[in-house]
Structures are given as C-alpha cells and as structure tokens.
Amino acid sequence: MALLSRIRSSTSLFRHLNASPQIRSLSSASTILSPDSKTPLTSKEKSKAALSLLKSEKDPDRILEICRAASLTPDCRIDRIAFSAAVENLAEKKHFSAVSNLLDGFIENRPDLKSERFAAHAIVLYAQANMLDHSLRVFRDLEKFEISRTVKSLNALLFACLVAKDYKEAKRVYIEMPKMYGIEPDLETYNRMIKVFCESGSASSSYSIVAEMERKGIKPNSSSFGLMISGFYAEDKSDEVGKVLAMMKDRGVNIGVSTYNIRIQSLCKRKKSKEAKALLDGMLSAGMKPNTVTYSHLIHGFCNEDDFEEAKKLFKIMVNRGCKPDSECYFTLIYYLCKGGDFETALSLCKESMEKNWVPSFSIMKSLVNGLAKDSKVEEAKELIGQVKEKFTRNVELWNEVEAALPQ
C-alpha cells in the first residue's frame, strides 16, 4: 500500500513546495541543476528544485534533462514523487516514447538504479502513464537488465494492474506468474488480490483469498480485513461487513481505530454520514480515541451531504479533543463552505490554514475571494489576495486579474 500513498501524496507535497520561499527563488533548470554553479546545491535541494520544475515543464526533452541532472533515486521519497511527476507530465501530453526513454534509460544506463527496487517503481510508473504493457515487459525482462526477480516485483506488477484498473490482467498475473517464475506469494500479494476483487465489485471472492492464505500459513492482517470491509460497503452488503468483523475477532485481529476509520469513510462515501457518526459515538463509548483521520472523513461526509453545520461542529470537537486538522481537512471544509455560501467561516479557516503555511488551491481561493466580494466584503477579499500573492508569486498575474474584476 506504500506505493499508492506515495503517488496520492504527490499533489499535497507539490502545494507545500510551491509555497516555499527557497523553491520560489530557484529560477530555471540551467541554474538550478547546473554542475558548474558556484554554489552547488545539495542532493535534497536538487530534488526539490527538480520536483518544482517537473510540475510545469512542457518540453519532453527538458523533462528528461531535469531528471538526469537531478540524479534522482528511488531511495529518497521526494525523488520518487519527482519521478511520478515527470511520468505524469509526459503521459498527459502523450509523450509515451519519452516515458520509455526515461525509465528504461535509467535502468540500462545508471548502475545505481539497476536494482529490483527501481524496476518495481518503474513497473508502477508505467501503469501510471497508462502503459501497462510496458509494466509487463519490464517484469518479463528483469534478467535482461541483470536484476533478480522476487515477490517484490510481482507485487509491484499487481499494484500496476490496480493503478491501471485492469482487474482481468491482475487475476491472470496472480494465477500464472508465481508458477512461471517460481515466486511464492506473500501477505502483500494476497492483500493486493483482495483489493483487486473488492475494487472490481467481487468482494465475496476475497473469502477464497483468505482461505488460500491460511492454507499456506499466512495470517491475514487488519489491512486484509479492512480491504474486505471497504469492498462490501461499496457493494452495500452490510451483513457481510458483520461477518468480516466476526472473522477478525475469531482470529485475534484487533478491531482498532484504523478499522473504524475504514467503516466511517465507507459509509460517508455512500452518503450515510449519520450512520458513520453513530460509529464515532460507539468508539467514544468503548473508550477508543478517534484521530484526525476519523474526524476528517466525517467532516468530508457531512459536507458532501450539504450538512455544513454538523461539519463545522465536528471540526470544533476535533480541535477541542486535541486532534490537529491537516491541510486537506482545512481545504475540504473551506471548499464546501464556499460552495454553501458561508464565506465568513471559510475566511476564518483560510486564515488559520495560511498561518500554518497551508494555502488552498487557486480555484478554492478564487471562489472564496469572489464570495467575499458578493457579501460586500471587498476589503477582506483584497487583503486575502495580497496574502496569497506573497505565498504564490507565480500566480501574481492571475490574482491581479481577479482583483481588477472586484467591485471598486
């Protein structure tokens, strides 16, 4: 699951890096990554600079140049995100040959990247670029690259199928590849397959995966059962959720906060936030301590059902109980409050968020500014624009246009 969280976290990290004065001061690829610079950057500074550039660079040759100059490596989290940004950028513009040049070129020409770890990362990145056939090719050609093939690359290939949402191919890989290459599936392999069945609307098939795991002496963990719970909720099979919870108890698997969070999120996705709130009350009655994730799911759920008062109430309760809202919680609530016309509360939360150096996206901020102006709070709107321009110098012209359109 770690690879998925890395990819999903890239958008949030981009936002924080763009707000950094250090990154804003870096002007171009030639000065950022030049080896002849009088003040050479550290490896970490190069990675941050590369990530900032890769977001917006349009020339495929320049994207490859930036990646090579930064000497990116999968050992570093920010480098993994930079790789993902480069591939995503190239794929969006349909520069698929450039994606191959980047990933295959690194495996073939960088001795430090001739490893199963980078190959596994490349397998997933190809799927991210909608090039699953290349993911399969890399897996098959590992010997050609003089890279050993273990369960790690098998799991990466299954994850690539999940990224591509090619569930039929995932099932084929699971059935054929372990036998073909003499690979013994592990816990992660089985959890990947549970996710495949649950995402493809066949959550009941996950029972057979659990049975196979146990036949081979591998114990399902809370993640295994959590995936099943999420899958059954998505299919509106609450009775099956009860069965899974009973299985957890029978096997001594703790039903902790993470399991409750999965249940709460699943119910909120199905617009059953009141039912999810009842689970929160049950947690508190049982002496369990909900965390930031618990409240964030509920806040998002009630916002999505246009119950903004309950969402605001939960936000206050969350803070009062010592749970610190993260940036996404702020952004979600600000977005929905603007949508619901509560610009005063949205402004207050926006100021809190910006004090923590968390600035919502341009579209959210523009919605808030225009809403304040409609509420005859033009000065507050202009003040907010001024603060945002300090954080995002690259958007100054856009904000000047927004400000010029405000009532005078």
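Residue 1 is the first one shown; counting continues down the chain.
Cβ coordinates come from backbone N, Cα and C, glycine included.
Swiss-Prot lists 1-26 with the feature transit peptide.
Feature annotation from Swiss-Prot assigns repeat 'PPR 1' to 115-149. Confidence for the repeat 'PPR 1' (115-149), expressed as mean pLDDT, is 95.
The repeat 'PPR 2' annotation in Swiss-Prot covers 150-185. Broken down by DSSP into helix, strand and coil, the repeat 'PPR 2' (150-185) contains 29 helix, 0 strand, 7 coil.
Taking Cβ pairs closer than 8 Å, the repeat 'PPR 3' (186-220) reaches residues 1, 151, 154-155, 158-159, 161-162, 165, 167, 170-171, 174, 178, 227-228, 230-232, 234-235, 237, 240, 247, 251, 253 in its own chain, all 6 or more past its ends. According to Swiss-Prot, the repeat 'PPR 3' annotation covers 186-220.
Within the repeat 'PPR 4' (221-255), the DSSP-based counts of helix, strand and coil residues read 26 helix, 0 strand, 9 coil. Positions annotated as repeat 'PPR 4' by Swiss-Prot: 221-255.
According to Swiss-Prot, the feature repeat 'PPR 5' maps to 256-290. Broken down with DSSP, the repeat 'PPR 5' (256-290) shows 26 helix, 0 strand, 9 coil.
Positions annotated as repeat 'PPR 6' by Swiss-Prot: 291-325.
Per Swiss-Prot, the feature repeat 'PPR 7' maps to 326-360. Proximity of distant same-chain residues to the repeat 'PPR 7' (326-360), defined by a Cβ-Cβ separation under 8 Å and at least 6 residues beyond the stretch ends, is recorded for 12, 15-16, 19, 292, 295-296, 299-300, 303-304, 306, 308, 311-312, 315, 367-368, 371-372, 374-375, 377, 380, 384, 387-388, 391-392.
The helix, strand and coil residue counts that DSSP assigns across the repeat 'PPR 8' (361-391) are 27 helix, 0 strand, 4 coil. Per Swiss-Prot, repeat 'PPR 8' is recorded for 361-391.
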